[in-house]
């Protein structure tokens, strides 16, 4: 039985995880961490991981980027592997992930879905062929409660594209003040926030007289919850180090 602590247990993703764990054999939630520990729950909930008394095997984090640094510190103190699925991490927090991975197993991905990670491989295959003659743009859409923009997934896709570009791209998030033609070195990222859109990412390669588009649509938050659970099962068996979705896919641990 894999004993899980859910960080951000009262959030939308925390609730999705609870529903999946409830019907999956071999997994159980022993405790939660949330900024509102007083809300009703089927397990003990604490404000900080350091307060948790229950024994556990792994932590899954779907909280808020402002809580990640403290969570990593507490995971190191308790020697607990942690799956960080929270988005909006800046360079400082990514450095914190790296530092923590020297002590404990740390799994981080800006997007936990298998489809997005297959999309990354496709983008990295076509970009070197198209980058000289095609402009690259991106549109990302999410629900009206999402706070970070652009999304962590949009930046993940952009970074994956940039990693294989001969001429590195500069990210442009707002063209409102511009009064000039688009530079070939730009990669534009446009953001939509509205309704209950779980998540949609469109990557556009716009050439002369032809356009190629790659699109991923999340129809349910369950895809991210499922990926996080798969990551937790994988991570609980690993030594200290930093892991990502590519490691999970390559290890053939997907069910």
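Just so it is clear, glycine is given a Cβ too, placed from its N, Cα and C backbone atoms.
Taken from TrEMBL as is:
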type	residues	note
ACT_SITE	142	active site, proton donor/acceptor
ACT_SITE	146	active site, proton donor
BINDING	8, 9, 10, 11, 12, 13, 85, 86, 87, 109, 110, 111, 112	NAD(+) binding site
BINDING	143, 152, 153	(S)-2,3,4,5-tetrahydrodipicolinate binding site
DOMAIN	3-112	domain 'Dihydrodipicolinate reductase N-terminal'
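Here the features listed in TrEMBL are placed on the structure.
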residue : record                                          : Cβ neighbours (10 Å)
8       : NAD(+) binding site                             : 23
10      : NAD(+) binding site                             : 20
12      : NAD(+) binding site                             : 15
85      : NAD(+) binding site                             : 26
87      : NAD(+) binding site                             : 22
112     : NAD(+) binding site                             : 25
142     : active site, proton donor/acceptor              : 26
143     : (S)-2,3,4,5-tetrahydrodipicolinate binding site : 14
146     : active site, proton donor                       : 18
152     : (S)-2,3,4,5-tetrahydrodipicolinate binding site : 19
Using a 10 Å cut-off on CB atoms, tell me which of the binding-site residues 110, 153 is the least crowded. 110
Over the domain 'Dihydrodipicolinate reductase N-terminal' (3-112) the mean pLDDT stands at 96
Looking at the binding-site residues listed here (8, 10, 87, 112, 153), whose Cα lies nearest to that of the residue listed as 'active site, proton donor'? 87
Euclidean distance between Cα atoms of residue 110 (NAD(+) binding site) and residue 152 ((S)-2,3,4,5-tetrahydrodipicolinate binding site), Å: 5
Looking only at the recorded positions 142, 143, 153, residue 112 (NAD(+) binding site) has its closest CA neighbour at 153
Can you tell me how far the Cα of residue 87 (NAD(+) binding site) sits from the Cα of residue 142 (active site, proton donor/acceptor), in Å? 13
Looking at the recorded positions listed here (142, 143, 153), whose Cα lies nearest to that of residue 110 (NAD(+) binding site)? 153
Sort the residues of the domain 'Dihydrodipicolinate reductase N-terminal' (3-112) into helix, strand and coil with DSSP and give the three counts. 38 helix, 25 strand, 47 coil
Quick check: with 143, 152, 153 left out, which same-chain residues have Cβ atoms within 8 Å of the centroid of the (S)-2,3,4,5-tetrahydrodipicolinate site Cβ atoms? 87, 110, 111, 140, 142, 146, 148, 151, 154, 199
